[in-house]
Amino acid sequence: MQGVTIVDHPLVRHKLTRMRDKQTSTKTFRALMRETATLLCYEVTRALPTHTVEIETPVGPTKAEEISGKKMVFAPILRAGLGMAEGMLDLVPSARVAHIGLFRDPVSLEAVEYYYKTPDDIADRLVIVVDPMLATGHTAVAAIARLKRSGVTDLRFVCLVASVQGVETLRAAHPDVPIWTAAVDAELNDHGYIVPGLGDAGDRTFGTR
């Protein structure tokens, strides 16, 4: 699928399998989400620009590379996205964090905003939106639209599992925003959940129902 990168790495596949298993405990699920998010972050940042600097090692001078370009913001969609943001911060601890509160109306399945807090200079940063599940796609579409209204132009979306419908919906609304995911599942059920998916990522992360 154009604009979609499926991170097909043995560690990612292994961790995702354990997350899909309904017998996996809340503690283990939370840890696996964090670990998998770190691996996905490694891939989504693969093409970051760098520049050459001169440094002194303990044994002599050398030229080496540092990251250049825009500073990063991780923007988890509350609440499930928080578990992924932690794993990404493990890899890029200097990144800022925005919070986007959206819930899915159980009848219309449309996204409803209830909270939005970002760094003041977010328009000047690379923003990576994170949400474990890209199901109907409505929540991701709404979150990205909200960020664009704040002036953000450099956006990426990262999830654990996407549905075909979710990918199509997000790409249709925001064709300029690339997607990274660990898997793409074929179906949604009548409640808008991905099948086979991994259940409600927020409930499984925080031990709620």
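The count begins at 1 with the first shown residue.
Cβ atoms here come from the backbone N, Cα and C positions, even for glycine.
Copied over from Swiss-Prot, here are the features:
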BINDING   Arg79, Arg104, Asp131, Pro132, Met133, Leu134, Ala135, Thr136, Gly137, His138, Thr139, Asp200  5-phospho-alpha-D-ribose 1-diphosphate binding site
BINDING   Ile194, Gly199, Asp200, Ala201  uracil binding site
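Feature map: annotations from Swiss-Prot on the structure.
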residue	record	Cβ contacts under 8 Å, 6 or more apart
Arg79	5-phospho-alpha-D-ribose 1-diphosphate binding site	Gly202, Thr205, Phe206
Asp131	5-phospho-alpha-D-ribose 1-diphosphate binding site	Pro76, Ile77, Ala80, Gly81, Met84, Thr139, Ala140, Ala143, Phe157, Cys159
Met133	5-phospho-alpha-D-ribose 1-diphosphate binding site	Ala80, Cys159, Leu160, Val161, Ala162, Gly166, Ile194, Gly197, Leu198, Ala201
Ala135	5-phospho-alpha-D-ribose 1-diphosphate binding site	Ser163, Gln165, Gly166, Leu188, Gly192, Tyr193, Ile194, Gly197
Gly137	5-phospho-alpha-D-ribose 1-diphosphate binding site	Ser163, Gln165, Gly166, Val167, Glu168, Thr169, Leu170, Ala173
Gly199	uracil binding site	Lys22, Tyr193
Asp200	uracil binding site	Ala80, Tyr193
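Sequence-ordered, the extra residues of this chain that approach the uracil site, with Cβ no more than 8 Å from the Cβ center of Ile194, Gly199, Asp200, Ala201, are Pro132, Met133, Val161, Tyr193, Gly197, Leu198, Gly202, Asp203, Arg204. As a whole number, the greatest separation of Cα atoms within the 5-phospho-alpha-D-ribose 1-diphosphate-binding residue list Arg79, Arg104, Asp131, Pro132, Met133, Leu134, Ala135, Thr136, Gly137, His138, Thr139, Asp200 is 17 Å.
DSSP assigns Ala135 (5-phospho-alpha-D-ribose 1-diphosphate binding site) to coil in the three-state reduction, placing it in neither a helix nor a strand.
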